[in-house]
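Trainee: Below is one structure. I have some questions about it.
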Amino acid sequence: LTAKLGYPITDELDIYTRLGGMVWRADSKYNIPGGASFKDHDTGVSPVFAGGLEWAVTRDIATRLEYQWTNNIGDANTVGTRPDNGLLSVGVSYRFGQQEAAAPVVAPAPAPAPEVQTKHFTLKSDVLFNFNKATLKPEGQQALDQMYTQLSNLDPKDGSVVVLGFTDRIGSDAYNQGLSEKRAQSVVDYLISKGIPSDKISARGMGESNPVTGNTCDNVKPRAALIDCLAPDRRVEIEVKGI
């Protein structure tokens, strides 16, 4: 009975050693001149040492070259000798029950990150408010009712709505900033009253920044004509961000 310890040199070639013991029985018979004969036997355990190489020809079949040494077999006092035994052997082994290695499980590719979409809507302030005012007109409320229907149809998941108020350049910067904030807040308050959650919508006043008329009204001098020319700058923009 031996224990085998192996170490892989390559994927196919192992070096190994076996250590253990062998139970033996030795029988002896000898004759004495004159016709008498005697028989005797002995049993015991001797240490076994072995070492070798094993090469995997296939998944199931392997060959090996081994040298085994057994020390002190028998008892010299009982059977008259106590030899050692050395054995050089070449063998072939077949391994039952070997199975193909399972194919590696490939994790599915992660789902692409959801695309964040932003929708932009622009409403004319002259439709929503009277000039220089921040209170919604009836026709302005009707325009926002239509806008609310569009926002509801979008139904953004985890989305948000930002209302941006803009004025024209008539008046001081501070006045126009305040007016734009009030107009944006008026639109927010109305949309909240229609059903948009208050934590999903916010107001931001942009003052007279980002005019869309550019320099087209620079040569317009009469005030009434200038107010009409700068009408596109007076607007409310609504940004809807969602997935």
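Each Cβ is built from the backbone N, Cα and C atoms, and glycine gets one as well.
According to Swiss-Prot, the protein has these features:
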{"type": "DISULFID", "residues": "Cys217-Cys229", "note": "disulfide bond"}
{"type": "DOMAIN", "residues": "116-243", "note": "domain 'OmpA-like'"}
{"type": "REGION", "residues": "107-114", "note": "region '4 X 2 AA tandem repeats of A-P'"}
{"type": "SITE", "residues": "Arg64", "note": "site 'Part of salt bridge gating mechanism'"}
{"type": "TRANSMEM", "residues": "1-8", "note": "transmembrane segment"}
{"type": "TRANSMEM", "residues": "13-21", "note": "transmembrane segment"}
{"type": "TRANSMEM", "residues": "47-56", "note": "transmembrane segment"}
{"type": "TRANSMEM", "residues": "61-68", "note": "transmembrane segment"}
{"type": "TRANSMEM", "residues": "87-95", "note": "transmembrane segment"}
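Tell me about the setting of these features in this model.
Mentor: Less than 8 angstroms from the CB of Cys229 (disulfide bond) sit Thr213, Thr216, Cys217, Val220, each of them six or more residues away in the same chain.
DSSP assigns Arg64 (site 'Part of salt bridge gating mechanism') to a strand segment in the three-state reduction.
Only residues 6 or more beyond the boundaries of the transmembrane segment (13-21), in the same chain, are considered here, and those with a CB under 8 A from a CB of the stretch are 1-7, 45-56, 68.
Within its own chain, the transmembrane segment (47-56) has Cβ neighbours under 8 Å at 2, 6, 11-22, 62-71, 93, counting only residues six or more beyond its boundaries.
Within its own chain, the transmembrane segment (61-68) has Cβ neighbours under 8 Å at 18, 48-55, 85-95, counting only residues six or more beyond its boundaries.
Using a Cβ-Cβ cut-off under 8 Å and counting only residues 6 or more beyond its ends in the same chain, the transmembrane segment (87-95) has close neighbours at 54, 59-70.
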Trainee: Can you name the residues of this chain that are 6 or more positions from Arg64 (site 'Part of salt bridge gating mechanism') yet have a C-beta less than 8 Å from its C-beta?
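Mentor: The list for Arg64 (site 'Part of salt bridge gating mechanism') reads Gly52, Leu53, Glu54, Trp55, Val90, Gly91, Val92, Ser93, given in order along the sequence.
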Trainee: For the domain 'OmpA-like' (116-243), what's the mean pLDDT in this predicted model?
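Mentor: For the domain 'OmpA-like' (116-243), the model's average pLDDT rounds to 89.
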